[in-house]
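Trainee: One structure coming up, written as structure tokens, with questions to follow.
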Amino acid sequence: MSKNFDVIVIGGGPGGYIAAIRAAQLGFATACIDEWKNDKGGPAPGGTCTNVGCIPSKALLQSSEHYEHAAKHFAEHGIGLKSLSIDVAKMVARKDQVVKQNNDGILYLFKKNKVSFFHGRGSFVKAVDGGWEIAVGEDVLTAKQVVVATGSSARALPGLPFDEDKILSNDGALRIGAVPKKLGVIGAGVIGLEMGSVWRRLGAEVQVLEALPAFLGAADEQIAKEAQKAFAKQGLKVELGVKIGEIKTGAKGVSVAYADAKGAEKTLDVDKLIVSIGRVPNTTGLNAEAVGLKLDERGAIVVDDECRTNLPGVWAVGDVVRGPMLAHKAEEEGVAVAERIAGQHGHVDFGLIPWVLYTSPEIAWVGKTEQQLKAEGRAYKAGTFPFLANGRARALGDTTGMVKFLADATTDEILGVHIVGPMASELIAEACVAMAFKASSEDIARICHAHPSLAESVKEAALAVDKRTLNF
Ligand code: FAD
Ligand code: NAI
């Protein structure tokens, strides 16, 4: 059957489904095609984020944090437990339920916004009449505007495909059936630290092997050091500067040969191994070559600053293009593209995309790091405030970490905010708003923050820029 639309979106992850909803809101006849299948073979829109990424990882992080609190911190509050157990199957089933609620939520949003949903793989057929023909199963859809939002998949080590039993991608790491005694992780990036934290909290002995000599190189150095100390204290072992050698799987588990930072040959024997060494853009199946859609050497779709590809009327957003692989970045690009199609001035400020690691302590930042400002030769002032001096953090029993402000030495404009500590993921939003409005650290310092709240640490760090903290 042939169907005509104004806009076709290929991919129903956060980039795609949000682009489709915004396009429909703007009055376009919109279709969204997504191929993700749930356990029963039915549609499961939401992409990596909903099915095997942001949402399920946060569900397991929450469950494992509850367990760790019960095991290690309830006693401080005078709460005694006669016995404590973990039902991993139930924990994973709850996570699956959270995922399903999100899948269903997106299908509801499609109905509400009159987006036509097609379950299957979308691929380019040919250019037609100033637009594009896209095949999905038996259907052939046409539209003048096509948004490609096909996302990314886990990168495997050469010669070591994921079997999701012993060699796990993010997908298998979210479906381990019982707590492994020993868990290895290759790559101390975002997934390695988050998934390593989940299974460590539940009792696994976790060893992370990282190729780079620096821990969390993209974060502010002072913040990364503080986080590294906290992780070490919890027993999450991270070895930096390693070179991975041969990896063998056998009946008993996985054996990883590697050279440590000094070049000494070592072996790590584990029950399961998570490989989290980055992700690759998804373009197979799009039939990109047939229509001449340009890809770069990494396989990402080449786009300009406004997400236009080399083909007229074809846009691409999210993990399949350049830039950080983050759900909120994909969403922002999706909205901006829909608005550009409508002739509006959609805008994404790439300098103000926040990063969050949902470990404990959480790590969050927006804007420039101190090392970036130094490299740029920009004169800046820094102010920090430790959660140790915050009343709410003491009441919570979680005083690890700090808030750090970086502001221009002359104008006082906030250039970066970095947080390691409780609820950093929520606290960073204030910094994003302030920086979007080009606020100075003095602006934040003059705003009344509720007491007692963790957010007072943000205000105090802003005061620290002018060396006048009140509580430290
Ligand atoms: P995706 O979410 O990958 O969606 C693409 C969709 O397109 C998929 O459903 C795919 O099946 C479909 N598709 C592909 N090709 C076709 C085709 N030809 N036809 C039809 N459908 C197709 N980011 C955050 O911001 N915060 C987090 O906390 C976070 N946690 C994460 C945790 C993990 C374990 C992982 C792996 C990632 C996490 N991310 C997080 C990253 C986030 O998931 C991605 O940045 C985000 O999903 C990218 O959105 P997208 O729409 O570009 O692609
Ligand atoms: P990553 O890029 O965050 O980290 C990969 C790490 O693996 C790097 O530190 C890299 O140096 C290391 N590495 C690469 N090759 C290696 C090798 N051969 N041996 C040892 N170490 C090696 O990638 P990750 O963790 O796979 O996550 C992918 C992306 O998913 C993230 O970059 C992020 O964009 C997104 N994500 C976001 C989350 C969040 O926002 N909270 C959570 C999880 C993922």
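Glycine is no exception: its Cβ is also placed from the backbone N, Cα and C atoms.
Curation plays no part in TrEMBL annotations; they are all automatic predictions.
Keep in mind that this is a model prediction, so the values were computed, not measured.
Pasting the feature list from TrEMBL:
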type	residues	note
ACT_SITE	H451	active site, proton acceptor
BINDING	K58, G122, T150, G151, S152, D319, M325, L326, A327, H328	FAD binding site
BINDING	G187, A188, G189, V190, I191, G192, L193, E194, E210, G278	NAD(+) binding site
DISULFID	C49-C54	disulfide bond
DOMAIN	5-334	domain 'FAD/NAD(P)-binding'
DOMAIN	353-462	domain 'Pyridine nucleotide-disulphide oxidoreductase dimerisation'
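Would you situate these features in the structure and describe their surroundings?
Mentor: Under DSSP, H451 (active site, proton acceptor) is assigned to coil, being neither helix nor strand in the three-state scheme.
Within the same chain, residues at least six positions away from M325 (FAD binding site) with a Cβ under 8 Å of its Cβ are S152, R279, G318, D319.
Around the Cβ of L193 (NAD(+) binding site), a 10 Å sphere holds 24 further Cβ atoms from the protein chains shown.
The C-beta environment of C49 (disulfide bond), restricted to residues of the same chain at least 6 apart in sequence and closer than 8 Å, consists of G13, P14, I55, A327, A330. For the recorded site, C49 (disulfide bond), the DSSP three-state label reads helix.
This prediction places the mean pLDDT of the domain 'FAD/NAD(P)-binding' (5-334) at 97.
When DSSP labels each residue, the domain 'Pyridine nucleotide-disulphide oxidoreductase dimerisation' (353-462) comes out as 41 helix, 33 strand, 36 coil, counted as helix, strand and coil in that order.
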Trainee: By the count of other Cβ atoms within 10 Å, pick out the sparsest of the binding-site residues T150, S152.
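Mentor: Per-residue Cβ counts within 10 Å for the binding-site residues T150, S152 bottom out at S152.
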Trainee: Scan S152, G187, I191, E210, M325 for binding-site residues whose C-beta lands under 6 Å from an atom of ligand 2 and note them, or write none.
Mentor: G187, I191, E210, M325
Trainee: For the recorded NAD(+) site formed by G187, A188, G189, V190, I191, G192, L193, E194, E210, G278, name the remaining residues of the chain with Cβ within 8 Å of the site's Cβ center, in chain order.
Mentor: V185, G196, V208, S276, I277
Trainee: Between C-alpha atoms, which of these recorded positions comes nearest to I191 (NAD(+) binding site): C54, T150, H451?
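Mentor: Among C54, T150, H451, C54.
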Trainee: Tell me the Cα distance separating L193 (NAD(+) binding site) from C54 (disulfide bond), rounded to the nearest angstrom.
Mentor: 14
